[in-house]
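Marked as domain 'BBS7 beta-propeller' by TrEMBL: 21-319. Sequence annotations record features per position, and here TrEMBL assigns coiled coil to 335-362. What TrEMBL lists as domain 'BBS7 GAE' is 379-486. The annotation domain 'BBS7 platform' is assigned in TrEMBL to 494-540. TrEMBL lists 544-657 with the feature domain 'BBS7 helical hairpin'.
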């Protein structure tokens with residue numbers, strides 16, 4: 001069946017973090033539910049909808065930034081107690097807003113993730129995991145990499161407590177007490193965890209995970225080993241996953257999978273007869289989706305998907321139709337309701353405009369007073385810098401709660417800025433003197449009005465490492481700028497592996513098909529050891545066959561790019577023939593295919609200079625590094641190598657490598 005959902009914006013609060021919005025359980029089936037949300041101002045807001053208006057149930061005073069919000073309560077009862085994590089403190093509220101808990105954990109780091117189950121509280125900071133029962137410390141674990149989320153298998157269904165940590169090094173760590181029972185390798189850095197169907201599925205052991213590079217999967221966490229059920233690759237190159245929920249929005253009696261991504265995409269997956277997920281619905285919002293829930297908020301009997309966005313909007317995607325059939329009497333009533341709503345909105349808008357003018361005047365007075373040095377515009381920048389292993393590039397995502405005016409990108413190492421289809425900003429480059437001031441790149445992105453999210457694609461050169469800086473200037477008065485720094489690593493296009501021999505002490509063995517990787521490692525390790533005055537003994541063995549093997553691995557990519565150029569050169573001539581003859585029946589299938597795919601081929605060709613340059617660079621580095629290990633400098637032969645590449649033949653290239 002086709003799923004049709006209509007958008008309704010309910011309320012805006014402050015900037016929100018991941019997983020900070022929940023729907024309180026309804027008293028009866030398919031009746032409206034209350035929404036509770038926490039924001040960066042430290043305010044917990046609970047509201048319901050009445051006649052199309054948001055009506056507050058309670059609202060707390062401002063405080064520390066709220067990093068997580070979860071619902072809890074006694075096991076096997078409605079989960080309607082509200083728990084929030086702010087700083088290193090956990091606070092609890094009833095559904096009426098009365099505070100019943102204030103628990104200072106005394107953690108040295110701020111709490112980043114939380115799971116509540118009965119009297120058990122599972123918390124994680126950046127690297128530290130703690131388990132509390134009745135606010136008393138039970139277990140502790142120090143992770144080797146950042147913990148992004150935490151959950152626990154349902155204790156009411158299983159005879160054991162099994163916490164699961166989502167760690168940045170592409171691993172789910174399954175704990176027993178304070179020890180790791182086993183690790184589950186996943187296809188990307190896991191950013192969010194959720195129990196399948198909200199209760200662990202049929203076995204009670206099924207855990208859903210979403211990754212920061214947009215992949216989604218289900219694994220069964222048994223007592224002895226993981227069982228991978230399914231995985232959805234991110235073929236459409238959508239954003240990273242921030243939130244997951246299970247709810248029967250299709251109305252077929254089976255819970256569907258609701259997914260929110262950091263590029264604003266909302267997705268609904270149903271399950272086929274083989275229990276494999278199938279995409280049924282997707283809709284793009286203008287900013288990242290930090291929380292997602294299924295339920296009923298706007299009107300009784302109409303199910304909906306409720307999402308919270310980064311800037312604090314709570315929005316419903318509801319099954320309630322926009323246009324309803326009605327008789328003459330009802331039409332008059334609807335018109336009157338609409339007029340009342342318009343009048344109410346105008347009144348609210350006038351009040352807000354007056355309030356903005358007042359606050360702006362107060363701010364200007366404060367900035368011109370003796371305390372001017374402390375008067376600054378406070379903005380929050382949500383950023384993410386991740387490796388896309390499929391196309392060997394990095395994504396830099398910058399998101400601000402207000403419109404972005406411009407972003408200046410500066411780098412002290414050579415990098416390429418690649419085109420991004422979603423990016424509507426105008427980019428301009430400034431000339432820089434890389435020899436005197438280490439400036440290899442200065443680029444300014446000027447954003448269109450109301451742009452709150454900017455996505456950039458960057459390609460680095462392995463072996464050249466340094467710092468990339470982004471200067472973000474929002475459209476606020478007075479003008480301010482926030483600087484964010486990102487490390488470009490020596491092996492920036494490599495990623496971690498999990499098969500390591502822990503028996504070796506005091507030595508590292510590095511193996512690669514590509515001799516250039518070993519060359520980069522050798523140079524960086526030598527440089528860092530000299531800087532730290534460490535005595536380092538480096539031995540290496542070079543297998544000549546590996547060079548031919550690497551060239552054979554590069555061959556299909558290089559051949560595709562060169563063949564693409566030849567196809568594009570034929571397009572104009574083939575189009576002329578088509579016009580002259582009136583059809584393409586006389587052409588061989590290969591030429592007909594070129595004409596059919598002409599637009600796609602030309603679009604690919606636009607990106608080609610960057611692709612070819614990268615492949616030429618890899619082959620050139622391979623050539624130089626092969627002879628560097630033999631103590632020979634062959635840089636004078638590079639022009640000859642480039643001539644061979646321009647008239648590419650694989651056998652001729654291999655012969656050149658052997659003869660040089």
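Note: Cβ is positioned from N, Cα and C throughout, glycine not excepted.
Between the domain 'BBS7 beta-propeller' (21-319) and the domain 'BBS7 helical hairpin' (544-657) there are fewer than 3 Cβ pairs closer than 8 Å, counting only residues 6 or more apart in sequence, so the two stretches are not in contact. Counting residues per DSSP class in helix, strand and coil order gives 17 helix, 0 strand, 30 coil for the domain 'BBS7 platform' (494-540). A Cβ distance under 8 Å defines the sequence-distant neighbours of the coiled coil (335-362), meaning residues of its chain 6+ beyond its ends; these are 51-53, 477. Helix, strand and coil content of the domain 'BBS7 helical hairpin' (544-657), in residues and according to DSSP, is 96 helix, 0 strand, 18 coil. For the domain 'BBS7 platform' (494-540), the model's pLDDT averages out at 80. In the domain 'BBS7 GAE' (379-486), the DSSP tally of helix, strand and coil residues is 4 helix, 60 strand, 44 coil.
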